[in-house]
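Everything below concerns the one structure shown next.
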Amino acid sequence: MSKKPTAGPALHKVIMVGSGGVGKSALTLQFMYDEFVEDYEPTKADSYRKKVVLDGEEVQIDILDTAGQEDYAAIRDNYFRSGEGFLCVFSITDDESFQATQEFREQILRVKNDESIPFLLVGNKCDLNDKRKVPLSECQLRAQQWAVPYVETSAKTRENVDKVFFDLMREIRSRKTEDSKATSGRAKDRCKKRRLKCTLL
């Protein structure tokens, strides 16, 4: 008797978005390989996959580090469609990159058409607090307006690097559980309706 193939670990798809030079790649590489790579700006999107243990369960995280082609709307929209959760990164030392998060958020909501998509606002380079250009209160206010978590990270010192990826994976997992319950509830309703129709006949 052949055994049913066992399902592999759950896969969570994360998309990194943000202006150039804010440290999206540095955060990704620090999380993937425990290495700080300064001034790494890829010219094309890079995809990374890693097995991790999330709250005692082995899962896979798939990270798409967007770059360069974000200027091409069709390519950018395809990336956004494939994502289950988003880390929207800016540098606390660069106000322009903070202002740009508004546009990234709007683009994602337009493509996903879903206000409650798993999403974290990430202020990177918190090791350079003496060069801070974006007040903490302003960052927290924006996150509050969007109803999303706000976390400050440093790809250099590794501060909160694991936290943002794991927190986002938890949000994605929670969302999948809710969606699965909703789908199963709708299927049960359809079955009930079919049974009622049979009874009426």
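Backbone N, Cα and C atoms are what each Cβ position is placed from, and that goes for glycine too.
Residues or ranges marked as GTP binding site in Swiss-Prot (evidence: similarity to another entry): 18-25, 65-69, 124-127. All chains included, 22 other C-beta atoms sit within 10 angstroms of the C-beta of Thr66 (GTP binding site).
Marked as S-geranylgeranyl cysteine by Swiss-Prot: Cys198.
For Cys198, the entry in Swiss-Prot reads cysteine methyl ester.
Here the motif 'Effector region' (40-48) has a mean pLDDT of 79 out of 100. The motif 'Effector region' annotation in Swiss-Prot covers 40-48.
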Cys126 (GTP binding site) in three-state DSSP notation: helix
DSSP state at Gly18 (GTP binding site), helix/strand/coil: strand
Binding-site residues (Gly18, Gly21), the one with most neighbouring Cβ atoms at 10 Å: Gly18
